[in-house]
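Below you'll find the structure, written out as structure tokens, and then a few comments.
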Amino acid sequence: MPAGPVQAVPPPPPAATEPKQPTEEEASSKEDSTPSKPVVGIIYPPPEVRNIVDKTASFVARNGPEFEARIRQNEINNPKFNFLNPNDPYHAYYRHKVSEFKEGKAQEPSAAIPKVMQQQQQASQQQLPQKVQAQVIQETIVPKEPPPEFEFIADPPSISAFDLDVVKLTAQFVARNGRQFLTQLMQKEQRNYQFDFLRPQHSLFNYFTKLVEQYTKILIPPKGLFTKLKKEAENPREVLDQVCYRVEWAKFQERERKKEEEEKEKERVAYAQIDWHDFVVVETVDFQPNEQGNFPPPTTPEELGARILIQERYEKFGESEEVEMEVESDEEDEKQEKAEEPPSQLDQDTQVQDMDEGSDDEEEGQKVPPPPETPMPPPLPPTPDQVIVRKDYDPKASKPLPPAPAPDEYLVSPITGEKIPASKMQEHMRIGLLDPRWLEQRDRSIREKQSDDEVYAPGLDIESSLKQLAERRTDIFGVEETAIGKKIGEEEIQKPEEKVTWDGHSGSMARTQQAAQANITLQEQIEAIHKAKGLVPEDDTKEKIGPSKPNEIPQQPPPPSSATNIPSSAPPITSVPRPPAMPPPVRTTVVSAVPVMPRPPMASVVRLPPGSVIAPMPPIIHAPRINVVPMPPSAPPIMAPRPPPMIVPTAFVPAPPVAPVPAPAPMPPVHPPPPMEDEPASKKLKTEDSLMPEEEFLRRNKGPVSIKVQVPNMQDKTEWKLNGQVLVFTLPLTDQVSVIKVKIHEATGMPAGKQKLQYEGIFIKDSNSLAYYNMANGAVIHLALKERGGRKK
């Protein structure tokens, strides 16, 4: 603390005038003698501190001691107000001034300078002209509050001109239409990278928000803005005053910055002048083994850090007791949580179970005993008998590691039966119990070991393996040589075939197809191809889909070798409806594979006209092991176009010798079957090609039409009203489909971008009108949810 001399006279006047000053003042007036007289026993502060003390004393005298307590609380860290403390040397002067102001003897302090300096300043100010005095007064003004920031200035970021225009235009629309427009825009353009600045974590979001505020102030100006602008337009002097104040504030900030830099420089120079390495060892203290000292108990780094924080908080706020109570409460909470945790037992069941990964924590919870509820008392200071002083102790040396378990300590795993090191047993148990199929893996590994290495098999396995060997090698252990190898392949374990399933991801599609094709043999592929082509007769024992004739008797096809001896009354292999003008069939010769078409019906059996003779064909070369079945040269008019000859393996269609077929006789004219009746209009799906032109439809139909919209029932979309209701709208035919979507949005809340409309099998587009799709009165439109990224179903 600054110390001042205890004196009866202030220091400024010289020694010759000291005894004369009080006598002159007493002669002038007795009333002013009391405040001007120096008091013996009071330390007078320096002029700059005296001004603060006098002002504070005047305020405290007027407002009471509550004001003093408020100043002491607000300025607790300000050293200029240390005179408020009772232990400060200037506190007596402060109390003296407070009593003088209460009695009305003291005057309000004008400045913290001596009287001689005040008289000189008054004389000089009287001599100066008025303009200079005004300048001096203006220079002493210090701005208190910063000027208001510019509301319509925002530095644009370094982006392209197009992106800047997008941000500005979006901000203008948001300022005009409100926050609801911003929410809808974010939902609609959430996948558009051009509008990423709408997200709060984007770098342009602050600039966008500033633009919205500026546009909002322009479109919806505050109440006093017009009055302020009108006043500034009529009185330019006010604008100049604002500019001058802003300039003075900039100068003040610059002076403050320079002052801080000068203080830092002074502090740096003061630190540089200290020779930190210039020290002298005064004394070395050696502690003897039998010496007993009153030292505090040892602390941990955590406790030391907590003590430092408590001390700093006490110096700052004076809340040491509350902090200690908070620390104790935290420790008690942790102890209660640990005590409430029940000790869990490790499940030793060998069945397949889904184990949690927290098994290690549970085991540790078993081994570690719960902490005691009562806090442990602090350790007592060590006694001389217990203290061991080590002279070679190095606190920086690394602590010795705990002894590792011996490498030859192995434990048998209860899961796999393998020998596991003791250090890795816990990790092995955790990993083994994570897999619920460890039993299958264990059995499979045991079987593989038994089949690979028979040397280490137990006694019963040796007996069974010898029996298997005797059954396979009867030339050694028996008398029949024909039984050699009869058991080969029979002892193979019949493993259940794992079905290949697809998980639904596009990345695993090719891998799943390869896995499914790996289990299919070549024979199964050939059979599947011939079943699809119709070359193989279907099994009548299997259940067929679709209606069948009640009087139809399924018959097996005759062998190919007796095809020439079939009587004329034998029915064909497959019969189809035919017109009445068709002549009766004579013989069945060739089976043709005709693909199934929707209409007209096609025949699967080729019949020859009467009078034709079947001659034997030359033998077919068997090198490629395939038979080519040729088609007849002509066919009845009811048959479909002739397909190419089918290539059939010999295992399914043997090729008997057949004579070449001569040209048949001219067939009588056959009338085609009557066409099938058209399907009803409700079952037909329209296409855009079948629609009537828009102009012609408008000429035929005039006036508005009533349209029904079938809304789906989607309970998971709670934000939309999709309860399966039917919406009815009356619209003119010239309106576009987008008008319907807007009305659906108003009724259900479903955005137009999420709507998918279908009318009679056609997905209608927004840009086309109702007349384009030939919508009549009472047309029904089905509403569905548009799935982004997927194909239209």
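Cβ from N, Cα, C; glycine included.
Under the heading region 'Disordered', Swiss-Prot lists 1-42, 318-412, 488-518, 530-584, 666-685. Under the heading compositional bias 'Basic and acidic residues', Swiss-Prot lists 21-34, 388-397, 488-502. Residues or ranges marked as repeat 'SURP motif 2' in Swiss-Prot: 166-208. Positions annotated as phosphoserine by Swiss-Prot, on the basis of similarity to another entry: Ser320, Ser329, Ser359, Ser413, Ser451, Ser508. Feature annotation from Swiss-Prot assigns region 'Required and sufficient for nuclear import' to 680-702. As annotated by Swiss-Prot, domain 'Ubiquitin-like' applies to 707-793, with the evidence given as sequence analysis.
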Would you mind reading off the Cα separation of Ser451 (phosphoserine) from Ser413 (phosphoserine), to the nearest angstrom? 22
Taking only the CA atoms, the spacing between Ser413 (phosphoserine) and Ser508 (phosphoserine), expressed in whole angstrom, is 36
What DSSP gives for Ser508 (phosphoserine), in three states, is helix
Summarise the repeat 'SURP motif 2' (166-208) as counts of helix, strand and coil residues per DSSP. 32 helix, 0 strand, 11 coil
Within its own chain, what residues at least 6 apart in sequence put their Cβ under 8 Å from the Cβ of Ser508 (phosphoserine), listed in sequence order? Trp502
Comparing the modified residues Ser413, Ser451, which residue's C-beta has the most other C-beta atoms within 10 angstroms in this structure? Ser413
Looking only at the region 'Required and sufficient for nuclear import' (680-702), report the model's average pLDDT. 70
What are the DSSP helix, strand and coil residue counts for the compositional bias 'Basic and acidic residues' (388-397)? 0 helix, 0 strand, 10 coil
Number of helical, extended and coil residues in the domain 'Ubiquitin-like' (707-793), per DSSP: 15 helix, 28 strand, 44 coil
